[in-house]
């Protein structure tokens, strides 16, 4: 069973890969503008982590947003939120696996012809690691330490190479005006997305009411420090902007100097963190799929655990098949940004619902015992909701994609709505875990409504 250290390590391994790659696309809005976006999004994720830590200390539920959503927003919205969270993680895994494949091809160009095989091998290795919990926790600690250690090596080792007075860099502080700023806003999530998934690990931890909050908050603070450090060091490393905004691996300009290696070799240093990110999100979506299947919101075979290993292999397989198929979409039509935006659209909807759920519990169930209390309370949740709504507004209207991301997201929601009303509505139930943890909230809601 996992300890607080393991929860911290899972959070590091899930999130820190996003500090190695892809975040730099937001620099198209300018270094100062994007820096402000990172600060706002980082604070919003911190408030979200505080809120979720408090909720977990009250009622640790492995199903993610859908359980609380069913209590506070109704059964239909709870179902949609669960689907949104699953699709967010599936999309993020696909993006990470494709990027990992590109990194390997950069070092060994001959692999370009067999990229789908590379993706398949990545899924198999991650699946094998996740299939045995005892091995996974040790393996994940190693990945977290290596990934974090390399980030710290970049930050510390690059300090001697930064140039605070590079000629012409002030011209790149702000670019493109408010429209470019709003377009870049969602990209800041690369630094932090995934911290919320730690709450899906309650069934794998010792005393989750204390283990999860400690690990989650410690992890979020760690990631805030590294994100600021990585960003500041990266933008001041020569040659600076504008080339930094388009590089596959933005940390390479530090690694090549520190270790005196080629750019392709430096790219390989991002492989452990990128793999860990994909593996961590696979763990998260397998737990949510299993929990929703236990409530008959998804096909019930996905609720089964392996009889010997006690891991959700059916749920892991189902989510991974969808994610693997999505890799072809991302790679063939170069739709990485679109898939990321669709995934984050679902993510921001889920975050907003969880903050609303926190406010509901804070106001309606004040007497419940809490092992952890958010230091920012309801105002922090309201601030986070504001940031999530700005990001949703950005994805809907400022991505320059003719609203395709929004259209795709709405189409998926429509299909899921039809599935719910046709197949789920009249057969859904409460899983054993939901009955133990959530039923009193449902009852309380009914009592308050009468």
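The backbone N, Cα and C atoms fix where each Cβ goes, glycine too.
Note: TrEMBL annotation is automatic and uncurated.
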Open item on the list: If you look at how TrEMBL annotates this chain, which of 250-268, 402-420 comes out as transmembrane segment?
Closed with: 402-420
- [ ] Might you confirm whether the transmembrane segment (142-162) is in contact with the transmembrane segment (313-333), defined here as three or more C-beta pairs under 8 A between residues 6 or more apart in sequence?
- [x] no
Open item on the list: Could you check whether the transmembrane segment (65-83) packs against the transmembrane segment (269-292) - three or more CB pairs closer than 8 Å, residues at least 6 apart in sequence?
Closed with: yes
Open item on the list: Can you tell me which parts of the same chain pack against the transmembrane segment (373-396), counting only residues 6+ beyond its ends and a CB-CB cutoff under 8 A?
Closed with: 40-41, 43-48, 50-51, 53-54, 182-183, 185-186, 189, 341, 344-345, 348-349, 351-352, 355-356, 358-359, 362-363, 403, 405-406, 409
Open item on the list: Please tell me whether the transmembrane segment (117-136) and the transmembrane segment (32-53) touch - that is, whether there are at least 3 C-beta pairs under 8 Å between them, with each pair 6 or more apart in sequence.
Closed with: no
Open item on the list: Should anything in the same chain at least six residues away from the transmembrane segment (217-237) have a Cβ under 8 Å from its Cβ atoms, list it; otherwise answer none.
Closed with: 4, 7-8, 11-12, 15-16, 19, 23-24, 27, 31, 35, 38-39, 42, 45-46, 49-50, 53, 148, 151-152, 154-155, 158-159, 161-164, 166, 169, 191-192, 195, 198, 244, 250-251, 253-254, 372
Open item on the list: At a threshold of under 8 Å on Cβ distances, which of 32-53, 89-105, 142-162, 339-361, 402-420 pairs most often with the transmembrane segment (7-26)?
Closed with: 142-162
Open item on the list: Out of 89-105, 142-162, 269-292, 339-361, what stretch is closest in contact terms to the transmembrane segment (402-420), meaning most Cβ pairs under 8 angstroms?
Closed with: 339-361
Open item on the list: Using a cut-off of under 8 Å between C-beta atoms, tell me which stretch among 32-53, 89-105, 339-361 contacts the transmembrane segment (269-292) the most.
Closed with: 89-105
